């Protein structure tokens, strides 16, 4: 370093730290009065600004239109009319695929409504209205996503279809709308997914009156087996004759009860399809963040979108209600709990989008529209922004390069102050991270997980309050060590360092082609201020500086708060069905917005009047500051926890219950010699959240409930009667089991028979293989667990052939029959991994026959348990439990 540069840095350091050489604090305060620093009034305005911003984004997030009546011209979607049939369908009760409620009551009511609409409009000129039904069978495999992957066979599942068009001849081009009318075994399906079916029936009424809108045919698919792993949609898109004309689809789903429906998947490719929604939707609510989060597998759920995309090779849109997810797949999912205005909003959006889509020239020749990945999001629910990802990359890189250039110039011209600001910026971030980590641990240790489950604002108290408080107070403390005349440069440098960090994050998103990086691009809008400062003087008036800073920070901070509100409202209910520690995820969501606010205000904090002297800004004061933040926050949480000791709440209008699952199981386990080693009746209690099974009141008080102890060493499912392969969602703390006295007596006990066993040798490597044929007899819903010994691998099944040899496999068989009894034949081939002699019985087969409906569904033990829960939860929050419970007949045998 040259002598001139050293001298310049020395002078810079002297000017910056001049405050330490002042003779007394009084002189310091006089200097502060002479320069343009922010006063308390400015900070009152800043606080009011962000308070209004938080309230405003929350209001916009929850805003819904008023339900409407039909208009005289029959051109207006009417929630009031749609909800009448919805209420009737919901009142049929639990309706899993194959049940009487599903196959007779619900299916026939939808058919009746379709026939009534057709009869009422039979004289409408130029209307073609076809109705069809389907009972379909097939097999396919589902890769790991919502579950851990499985092979599925189904038989006799039902579909109801209506096809509307203009003119006598069927159009060769059509658009598909899909809903499902079956339910989770213990749910009325008011929202998931009868609300979508009611919406589609209302659209059929409108198009029946206005066939001139039907430039192409529209197929309405009411499918009867989605909850059983997307079966009916697969049967339709692979076997029905109407499938060949479909050019696009709109899938309507629900993982919550009302609220604003979210477009969270679009494609694959076919940008014109996404544009139809973005250009036509009256109340758009979409985000590429939702699409990328869902496709990552973080969100626990799957929809028929996968089936139409993967097996039909058709592009589409996936729309779903995602708010109020507490009631999804529970007894509380009834029609009356759907937020008023939700169907009106969704119906208007789908109606306008479909009308736009039917006019699109790309529906006839979609290949002529160049496919490209896009960035899309709605800004606070007010309007939609969409642009190609290639343009996003270009803008991102230009912005990043600009920020880096500004930072490089600042580092060269103001080296010491840059190092000083960087040190303080890092200290502020580390302090926020330390406080968050401490609050996560202390809140979990002191008050338990999910305290914010019912009252979301408690998450803001637990994580938002200490983040903002710690960040601003620590930055103010560090600033107190500086000379007042140096704070302008110091504050500007802090702002530039913050922009550089955001640029680094945006660079990573750009490099990995993650479209969600738009959020960080918006946080770089304040770079305009740094550019202006570089080319000219930025006004020193504190009021002007405050207002302009807030205006430039508004797009990024508003979207950060809006996105956090959206993610919290979606993911907090999901935490009730996740066995992972939820505190880090929720603290991160809250801290993201809090951090965006605090760090964007770092420059203003540095340019504010500060009552501290340099002697009051040491390490000890920093420690006291952090401890004070933690102590006050924990005290506030303690006070709130004394009022609400349980995270759950029972309320007929808005219950937030603990999710549980119970299996009453007849369990018969055989050893290799074919002898029965276990013949027991067991009761499995499963908690789906992190608080675990010990949080269930009657489990906690009963010492006979114990943890899992696997009978077979190599059984990854540990004899737990999983309906689907979801063992990865649970850990040891989530499952408790005990023996019970009530032995289940089934009319048709589950049976597994080995039909044949043929040994062979692979001609390529000389290793042995065995081909088995089996027959399984059980209920309409059977889970099969295939578990070879450790020196064997599964190479083939009659359902599908695995891409690579598997250590174990999960098969799921479902069928619809009046007596709920089905027989399945399947083959399995296993291959030895060594050339040692073959074992006599190297294959373990487990069968769980699930009673999901009918008179044998629930034992007296289950009924008594549910009655006790319903009685106690009215007065005791800890008893606020919702239970999915049914009987299972299970057997394991070696072959």
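Placed from the backbone N, Cα and C atoms, the Cβ positions cover glycine too.
Within the same chain, residues at least six positions away from residue 226 (active site, proton acceptor) with a Cβ under 8 Å of its Cβ are 180, 182, 193, 232, 233, 303, 304. What Swiss-Prot records for 226 is active site, proton acceptor, and it gives similarity to another entry as the kind of evidence.
If you look up Swiss-Prot, you'll see 180, 192, 253 marked as Zn(2+) 1 binding site, on the strength of similarity to another entry. Close to residue 253 (Zn(2+) 1 binding site) in the fold, though at least 6 residues off in sequence, lie 192, 193, 196, 303, 304, 305, 318, 319, 320, 321, each with a CB less than 8 Å from its CB.
Taken from Swiss-Prot, the feature Zn(2+) 2 binding site covers 192, 227, 329. Secondary structure from DSSP puts residue 329 (Zn(2+) 2 binding site) in coil.
Residues or ranges marked as compositional bias 'Basic and acidic residues' by Swiss-Prot: 9-27.
Under the heading N-linked glycosylation site, Swiss-Prot lists 156 (among others), citing sequence analysis as support. The secondary structure of residue 156 (N-linked glycosylation site), as reduced to three states from DSSP, is extended strand.
Annotation source Swiss-Prot lists N-linked glycosylation site at 679 (among others). Secondary structure at residue 679 (N-linked glycosylation site), taken from DSSP and collapsed to helix, strand or coil, is strand.
Among the features that Swiss-Prot reports, N-linked glycosylation site is placed at 796 (among others), with the record citing sequence analysis. Neighbour density for residue 796 (N-linked glycosylation site): within 10 A of its CB lie 17 other CB atoms from the protein chains shown.
Taken from Swiss-Prot, the feature region 'Disordered' applies to 1-27.
Per Swiss-Prot, topological domain 'Cytoplasmic' is recorded for 1-39 (among others), and the stated evidence type is a curator's inference.
As annotated by Swiss-Prot, topological domain 'Lumenal' applies to 61-374 (among others).
When the topological domain 'Cytoplasmic' (396-424) is classified with DSSP, helix, strand and coil residues number 28 helix, 0 strand, 1 coil. Taken from Swiss-Prot, the feature topological domain 'Cytoplasmic' applies to 396-424 (among others).
Marked as topological domain 'Lumenal' by Swiss-Prot on the basis of a curator's inference: 446-457 (among others). The average pLDDT computed over the topological domain 'Lumenal' (446-457) stands at 92.
Summarising the annotation, Swiss-Prot assigns topological domain 'Cytoplasmic' to 479-489 (among others).
If you look up Swiss-Prot, you'll see 539-553 (among others) marked as topological domain 'Cytoplasmic'. Sequence-distant contacts of the topological domain 'Cytoplasmic' (539-553) (same chain, six or more residues past either end, CB-CB distance under 8 Å): 36-39, 42, 45-46, 49, 488, 525-526, 528-529, 600-601, 603-604, 607.
Under the heading topological domain 'Lumenal', Swiss-Prot lists 575-584 (among others), citing a curator's inference as support. Residues 300, 326, 440, 443-444, 449-450, 453, 656, 658-659, 688-690, 729-731, 733-734 of the same chain lie 6+ residues outside the topological domain 'Lumenal' (575-584) yet bring a C-beta within less than 8 angstroms of a C-beta in it.
Per Swiss-Prot, topological domain 'Cytoplasmic' is recorded for 606-619 (among others), and the stated evidence type is a curator's inference.
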_List of residues, in chain order, with Cβ under 8 A from that of residue 679 (N-linked glycosylation site) and at least 6 apart_ = 667, 668, 669
*Have the transmembrane segment (554-574) and the transmembrane segment (425-445) got at least three CB pairs under 8 Å, pairs 6 or more apart in sequence?*
no
*Run through the topological domain 'Cytoplasmic' (539-553) and tell me, per DSSP, how many residues are helix, strand and coil.*
12 helix, 0 strand, 3 coil
_Number of helical, extended and coil residues in the topological domain 'Lumenal' (575-584), per DSSP_ = 5 helix, 0 strand, 5 coil
*Take the Cβ of residue 227 (Zn(2+) 2 binding site) and count every other Cβ within 10 Å, whichever protein chain it belongs to.*
22
*Determine which residues of the chain contact the transmembrane segment (375-395) at the Cβ level, with the cut-off under 8 Å and only residues 6 or more beyond its ends counted.*
56-57, 60-61, 63, 260, 274-275, 278, 281, 283-289, 510, 513, 515, 517-518, 521, 555, 558-559, 562
*Could you tell me which three-state DSSP class residue 227 (Zn(2+) 2 binding site) falls into?*
coil
_the transmembrane segment (40-60) versus listed stretches 490-512, 516-538, 585-605: most Cβ pairs under 8 Å_ = 585-605
_What is the set of residues, excluding 180, 192, 253, whose C-beta falls within 8 angstroms of the centroid of the C-beta atoms at the Zn(2+) 1 site?_
179, 189, 193, 196, 226, 227, 252, 254, 303, 320
*asked:* If I take the alpha carbons of residue 227 (Zn(2+) 2 binding site) and residue 796 (N-linked glycosylation site), what is the distance between them in whole Å?
replied: 27
